[in-house]
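To start, the structure under review is shown below, and the notes come after it.
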């Protein structure tokens, strides 16, 4: 396993862990004039780009993809887009942890699929198995499993207080 590719795949997870466990520090760091969810989104997109570059560095691309690619990738991305559509930026990027009021959502896929954004991401990753060595997909998936476990233990008392 290429160490740089493995580190690149795992790069966002310590960041998410730190934000989840230190939301007040993040809100303070962002300051009064910056939305902590928006800043998190910017940093997350940059880290996602580094993840993709890491995967691309160890990939062997061939066209056309196998038939299993289309339903896995298509439904996985549908779940990701649907979650973002329903939760918005604040709901997707830890707004509740940063002291925002994010309404509870029960529309599909919520209430049907537990952790639909992560399920969609894992489906999209496994769709790429014909191009990316399995151990990188597994490593990324284990990162999501870690985050799912971490986020399942949210203590409302540890949420950040907005800066006034």
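Backbone N, Cα and C atoms are what each Cβ position is placed from, and that goes for glycine too.
Annotated features in TrEMBL:
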- 74, 75, 76, 154, 155: S-adenosyl-L-methionine binding site (BINDING)
- 153-164: topological domain 'Cytoplasmic' (TOPO_DOM)
- 42-63: transmembrane segment (TRANSMEM)
- 122-147: transmembrane segment (TRANSMEM)
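Projection of TrEMBL feature records onto the structure.
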residue: 74; record: S-adenosyl-L-methionine binding site; Cβ contacts under 8 Å, 6 or more apart: none
residue: 75; record: S-adenosyl-L-methionine binding site; Cβ contacts under 8 Å, 6 or more apart: 120, 123
residue: 76; record: S-adenosyl-L-methionine binding site; Cβ contacts under 8 Å, 6 or more apart: 119, 120, 121, 122, 123, 124, 125, 127
residue: 154; record: S-adenosyl-L-methionine binding site; Cβ contacts under 8 Å, 6 or more apart: 96, 97
residue: 155; record: S-adenosyl-L-methionine binding site; Cβ contacts under 8 Å, 6 or more apart: none
Practice task
Could you give the residue numbers and ranges of same-chain residues that sit at least 6 residues beyond the topological domain 'Cytoplasmic' (153-164) on either side and whose C-beta is under 8 angstroms from one of its C-beta atoms?
Solution key: 21, 23-24, 26-28, 31-32, 36, 96-100
Completion exercise
Mean per-residue pLDDT in the topological domain 'Cytoplasmic' (153-164) works out to 86
